[in-house]
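Features of the protein shown, as given by Swiss-Prot:
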- 1-44: topological domain 'Cytoplasmic' (TOPO_DOM)
- 45-65: transmembrane segment (TRANSMEM)
- 66-91: topological domain 'Extracellular' (TOPO_DOM)
- Asn80: N-linked glycosylation site (CARBOHYD)
- 92-112: transmembrane segment (TRANSMEM)
- 115-136: transmembrane segment (TRANSMEM)
- 139-159: transmembrane segment (TRANSMEM)
- 160-184: topological domain 'Cytoplasmic' (TOPO_DOM)
- 185-205: transmembrane segment (TRANSMEM)
- 206-216: topological domain 'Extracellular' (TOPO_DOM)
- 217-237: transmembrane segment (TRANSMEM)
- 238-268: topological domain 'Cytoplasmic' (TOPO_DOM)
- 269-289: transmembrane segment (TRANSMEM)
- 290-306: topological domain 'Extracellular' (TOPO_DOM)
- 307-327: transmembrane segment (TRANSMEM)
- 328-335: topological domain 'Cytoplasmic' (TOPO_DOM)
- 336-356: transmembrane segment (TRANSMEM)
- 357-360: topological domain 'Extracellular' (TOPO_DOM)
- 361-381: transmembrane segment (TRANSMEM)
- 382-399: topological domain 'Cytoplasmic' (TOPO_DOM)
- 400-420: transmembrane segment (TRANSMEM)
- 421-430: topological domain 'Extracellular' (TOPO_DOM)
- 431-451: transmembrane segment (TRANSMEM)
- 452-518: topological domain 'Cytoplasmic' (TOPO_DOM)
Amino acid sequence: MEDKDITSVNEKEVNENTNPRIIKYDAERRATRTETSKKDKWKNIVTIIASGFALISDGYVNGSMSMLNKVFVMEYGKKNYSSKVSTRVSNAALVGIIFGQFFMGIAADYYSRKSCILVATAILVIGSALCAASHGTTVPGMFWMLTVMRGLVGIGVGAEYPTSTLSANESANEYTTTKRGGILVMVTNLPLAFGGPFATIIFLIVYKICSGTKHLEAIWRTVFAIGCFWPLSVFYFRWKTATTEVYEKGRIKRNIPYFLALKFYWKRLLGTCGTWFMYDFVTFPNGIFSSTIISSVIKDQNDLVKVAEWNLLLGVLAVLGVPIGAYLSDRIGRKYTLMFGFSGYIIFGLIIGCAYDQLKKITPLFIIFYAFMNMLGNAGPGDMLGVISSEASATAVRGVFYGLSAVTGKIGSVVGVECFQPIRDNLGARWTFIIAAICGLIGIIITYFFVPHSLESDLMKQDVEFHNYLVSNGWTGKMGFDETDEESMVRTIEVEENGTNCSKKNAEIISVRQVDQS
């Protein structure tokens, strides 16, 4: 990534003439990294697709609750499924996601991305099955079990974020030199965004099979159970995923210097955390309560099919923003694509908020404006936050910094969900959109000052810069680059014992470490 605040630090603090541990980045060699065998290319493709696909589970979890909130009220009544219970069940997944993102982000740096992805998959499958099996001697007891199981699903979903996105990005880095951003968006945010409308499609199918409102309990249990299949369908392919050269050479196996990393990347981290908070504060409650919003502008608020159909149209239109962001990210850069998306919140949030009383009388027009707001949200922060956060730091700390950014976003989600109903009840429905516009403005300001402008660059270049920064500040630990050098030296000694000139070979090995292998 191109970032003056980091390269300037590197130029000032790194003096390769005085520190023998300084390594050089060989741009020419790395430019040919995509010229591999068909087998290696296929491995990268499988890793990219398999890593990102199960993120559909996050969209499915949110989208399914949007419709099931209506089902629970109709089946068990507002007394058993009050707004307080609804918020608790919804927030359980959010709290779980926060734990999963943070702790799996740390684990992804210390252990392999592959092992963490497999753990995330298993948690998702088990959690979804237990949601479907929620039971209690009383209805409130059943909802308490559902709350706990939704939290478990949330842990699995949260674990997916750092492990899947980082694995897909690092594999895409080895697959292409010019289109990594667009590829990452299409394999991660597309399934994530499509999960919502896909959940609505599944709901409509199950609703029809279960004879409508006659078997509401069967509907919600079936919808939850089907959530098991999305992560399970790619488990085998995830088992076969490959570990990239970027990860092997850029990782630190023990005693990661987090203080130095924070000192090096604080500005970027502030940018990704702040923008993700603003985005999730708006988009998450809008996703969960979209059926509530839609039902408030149609005549028959208990017509589940009508609500679901409008919800599906809204979701499908919003998904169209994903390829727009994928196209722009590799052309105008991540930063300006992010700002473009936030501007949609300002424009359409103000239009809907200021003209809410008029628009709610014209349901199709209301849905179109609402969809445009969500579409630009997907094109900007929805697409770019995962990309920026997964390439804003070196491999050694990429997991934990991505996790911190995503966790901050989910904290924004929790705050947004908690504030959504009180805002509607006390200020009026229009203010949910006006506040979205305010968040869009704040998002643009944070992006402008704290998010670096970048197009494509090799992730390993950033690893080299970070390595050199660490050693120039007295760090004595080992990165993958250093371990590669030690292995080369061992091979040199073995060659010497067989009668080969050691000094000549040793000089060649040092040159390889400093240039070719970096």
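Cβ coordinates come from backbone N, Cα and C, glycine included.
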Taking pairs 6 or more apart in sequence, does the count of Cβ pairs under 8 Å between the transmembrane segment (92-112) and the transmembrane segment (361-381) hit 3 or more?
no
Could you give the residue numbers and ranges of same-chain residues that sit at least 6 residues beyond the transmembrane segment (269-289) on either side and whose C-beta is under 8 angstroms from one of its C-beta atoms?
62-63, 65-66, 69, 90, 94, 196, 262, 338, 342, 345, 374, 377, 381-382, 385, 388-389, 392-393, 401, 404-406, 408-413, 415-417, 419-421, 432, 435-436, 439-440, 442-443, 446-447, 449-452
List of residues, in chain order, with Cβ under 8 A from that of the residue listed as 'N-linked glycosylation site' and at least 6 apart:
Val139, Pro140, Phe143
With contact taken as 3 or more Cβ pairs under 8 angstroms (pairs 6 or more apart in sequence), are the transmembrane segment (361-381) and the transmembrane segment (400-420) in contact?
no
With CB pairs under 8 Å as the measure, which of the listed stretches 139-159, 185-205, 217-237 comes out on top against the transmembrane segment (307-327)?
185-205
Can you work out whether the transmembrane segment (185-205) touches the transmembrane segment (336-356), with the criterion being 3+ CB pairs under 8 Å where the paired residues are 6 or more apart along the chain?
no
Excluding the flanking five residues on each side, which residues at least 6 beyond the ends of the topological domain 'Cytoplasmic' (160-184) place their CB within less than 8 Å of a CB in that stretch?
31, 33-34, 36, 41, 44-45, 47-48, 51-52, 54-55, 57-58, 97, 100-101, 104-105, 108, 113-114, 116-117, 120, 124, 231, 241-242, 244-247, 326-327, 329-330, 334, 386-387, 389-391, 395, 398-399, 402-403, 406, 455-456, 458-460
At a C-beta cut-off of under 8 Å, are there same-chain residues at least 6 beyond the transmembrane segment (139-159) that contact it? List them, or none.
57-58, 61, 76, 80-81, 85, 88-90, 92-104, 116, 119-128, 130-131, 227, 231, 406, 410
When only pairs 6 or more apart in sequence are counted, do the transmembrane segment (336-356) and the transmembrane segment (45-65) reach 3 or more Cβ pairs under 8 Å?
no
Summarise the topological domain 'Extracellular' (66-91) as counts of helix, strand and coil residues per DSSP.
24 helix, 0 strand, 2 coil
Give the nonlocal contacts of the topological domain 'Extracellular' (206-216) in its own chain as ranges (CB under 8 Å, at least six residues past its ends).
71, 74-75, 222-223, 226, 304-305, 308
For the topological domain 'Cytoplasmic' (1-44), provide the mean pLDDT of the predicted model.
65
Cβ under 8 Å to the topological domain 'Cytoplasmic' (238-268), counting only same-chain residues 6 or more beyond its ends: which ones?
3, 5-6, 9, 33, 40, 43-44, 46-47, 50-51, 54, 109-110, 112-114, 117-118, 121, 167, 170-171, 173-174, 392-397, 400-401, 450-452, 459-460, 463, 466-467, 469-470, 473, 475, 477-481, 484, 517-518
What does DSSP give as the helix, strand and coil breakdown of the topological domain 'Cytoplasmic' (238-268)?
19 helix, 0 strand, 12 coil
Intrachain residues whose Cβ lies under 8 Å of the topological domain 'Extracellular' (421-430), provided they are six or more past its termini:
83, 87, 289, 293, 296, 352-354, 356-357, 360
